[in-house]
């Protein structure tokens, strides 16, 4: 009887491990049934350009107990209170919460917002998450949807910066401006007024991984504008994400910078999958692209601002080990840079694109129950 029980446990664990055995992020932590007692282990698991993001590791735990939101004088127990503290904090949630913010939530540096163990929804018709000139932020396990525009008004930016007037915002789910060392992992994002993720204004050292992007037209913008050349320093890794169903374009759309797009799974798009302007370097590796049935929309790529084919001929857009389905195709250009772009701490193994559907099958928010591995 005991041997049968042990066998059942082993089969169960093997079934879990098989879901992420080749995903280097998930294999770092998801097999731990005691994840709740070792939450900060997560900070050791990022890969790519955002692998140095420590979030609130080494700091205290802060527990969100209330969905209330006061943009100017947040109460202890609310998400805004924890997010705006100056010290390192690992923010967790005591219960399931639906949070409708009254103004964008400015997240101070050295913060992890960790939704594991609760069902956390942010948005719900209000504005959403904002980072400006901060470092070391991790967002994990959040449902972010229904993000709306905000009006101008006063907001507590952080304890140090105090309350300041801010302009109206466009309704992005996650906005990053001039940030470094940020990791966005295992979130589910959809249905917002503008984009789901914006990384702009010389942000760099960002990894966007294991997220599920769906039911949204303009998904991800990397780079502020065609005249903002400071984004040449931008380095972003986009890996192990599920795009779709019903994701239209900008997965991502880049300006300047170096973008590594690896082992993502793309459902059919409505316009294009990967695009850009202003000579970004885009290295597409090990992705699975399934084109829409529309014969005019089979191309994965879209180049913007090319007055003639020669204008963009030197842009480095390369496809390696990608898998193409239903007539999808990638138009490469520029010299072959290879993918030796990382230092030892950032590098990770990229599988062939045929493996991307399996690697991304658990993208988005996971179910995390005490004493069981997250699934």
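Keep in mind that glycine also has a Cβ here, set from the backbone N, Cα and C atoms.
Here the structure is a predicted model, which means the values were calculated and not measured.
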Co-listed Ca(2+)-binding residue [Swiss-Prot; alongside 194, 198] among 170, 181, 185: 170
Integer Cα-Cα distance in angstrom, residue 170 (Ca(2+) binding site) to residue 147 (disulfide bond): 9
Residues that sit under 8 angstroms from residue 110 (N-linked glycosylation site) by C-beta distance, when 6+ apart in the chain: 54, 55, 56, 59, 87, 88, 89, 135, 136, 137
Cα-Cα distance linking residue 198 (Ca(2+) binding site) and residue 178 (N-linked glycosylation site), given in Å to the nearest integer: 11
Protein Cβ atoms within 10 Å of residue 170 (Ca(2+) binding site), excluding its own: 16
Neighbouring C-beta atoms (10 Å sphere around the C-beta of residue 306 (disulfide bond)): 14
